[in-house]
Amino acid sequence: IEQTNSSESEGNMPKRQRLTRASTRLSQSSQDLKRGADHDESPPLTPTGNAPSSESELDISSPNASHDESQAKDQASRDSDKDLSHRPKRRRCHETYNFNMKCPTPGCNSLGHLTGKHERHFAVSGCPLYHNLSADECKVKAVSREKQEEEAKGQEESNSRHATRHQTPTSKQSRYKEQVSEIRKGRNSSLQKEQKEKHMEHRQTHGNTREPLLENITSEYDLELFRKAQARASEDLEKLRIQGQITEGSNMIKTILFGRYELDTWYHSPYPEEYARLGRLYVCEFCLKYMKSQTILRRHMAKCVWKHPPGDEVYRKGAISVFEVDGKKNKIYCQNLCLLAKLFLDHKTLYYDVEPFLFYVMTEADNTGCHLVGYFSKEKNSFLNYNVSCILTMPQYMRQGFGKMLIDFSYLLSKVEEKVGSPERPLSDLGLISYRSYWKEVLLRYMYNFQGKEISIKEISQETAVNPVDIVSTLQSLQMLKYWKGKHLVLKRQDLIDEWKAKEIKRGNSNKTIDPSSLKWTPPKGT
């Protein structure tokens, strides 16, 4: 068979090269069977040493090579079909949609997309019906936009080859500019009576559930530019959804870019919908203005003149400063501060009504400006003598002692006002832990310095400006309060005092303490 094949293969070399591994195995098995037919009466074996698995492996009746080839091809096709039947099916890569979610636009079936590239949409930004279009119209517009982009790309490549440092407009560019000017001049600036009625009827019928009619408001050229920008923004939003940064129906901001930090958020904050649905927000760390993209943030930072919070600097020691910001005088800044704080606070409910509050913003200065560390707000006129309404330490400054500094500063203001203060309830989980730690430290320090024999809760409250209720709860948690013979006695536990003193010595002279001599502040009038 080898000689026959070699002689015939001179003219049919490509055909012989197409034989599969199965045909080669078949020819070898047939040779082995011919050689051992006269010597062995036992069942023939395959090259692997096993009994043949099919009749085709034993079929050697015809010595014709072409017949062997046809059998080999049939066997190869059966083997390939068998391999394919056991091979796992390759899944087509496609976009997944949650079909339980529906577009919020009334009357929309969630089919189509403003970009014309997707079969479904989940938000108003991609809804053709909201933009007074149909799914087919969006597809047609998408095709025309792709053609225009390809032509523009080719034009840019040709221009880049012959670009100079100060390139003058080409004749084609000049003609295009003249055409655009003519289009804009030729538009009738005032709407006709029928057009006005049509616009008013559309607005009365659909209200805010549809986009206003934009035809005849501006030139066709400018309207087309606006439609392109809408489609591009919708496409960017769709990419974020596919990447998992946002989900259908989710309006929670997951991350913010704040200065040189990228912070993961903890809770929902009521930012405007067009910002909240992006999933990622860019915030200026000085004026706290929020933006949609890093490009907008970079342009803003290039012209932002703020390097510290507005208001009066009432405390400075080293790099740490505290600014007093009036919610009535700097309303926008305080609202942005409250929206930012809600991303990390669960129980916060104040966002926009900031006028009755004063905000004390702590910053850390370097050569680029005063960076936000944390803040606490305080009512100008508190009926229950709350010295803190809301308090927050930014996540990047947590577990560094800044939280206790903010609490200590709030009690320092209460001492200057000659009042007893307490934080407004309910406290967040982290806030409650910080306050309990601060109250414990204040009581142990007071008892370490106390030299008398009898101590009263009222005296402790007057000297530390801590509310008696908070003092009693802290004494109970430390097991330093005992009821004996009809009286409450305060026990001086020396073991706890010694343990606190050892920690103080180990900590040394830390900069994370408030120095009362560095405060330059007088209580506002009317408080």
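Glycine residues also receive a Cβ, built from the backbone N, Cα and C atoms like all the rest.
Taken from TrEMBL, the feature compositional bias 'Polar residues' covers 1-10, 20-31, 47-65. What TrEMBL lists as region 'Disordered' is 1-91, 144-210. What TrEMBL lists as compositional bias 'Basic and acidic residues' is 32-42, 66-86, 144-160, 175-185, 193-210. What TrEMBL records for 248-523 is domain 'MYST-type HAT'. The active site, proton donor/acceptor feature in TrEMBL is assigned to E424.
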Those residues of the chain, 6+ apart, with a Cβ under 8 Å from that of the residue listed as 'active site, proton donor/acceptor':
L384, Y386, V388, S389, C390
The compositional bias 'Basic and acidic residues' (175-185), counted residue by residue under DSSP: helix, strand, coil:
11 helix, 0 strand, 0 coil
Counting by DSSP secondary structure, give me helix, strand and coil numbers for the compositional bias 'Basic and acidic residues' (193-210).
17 helix, 0 strand, 1 coil
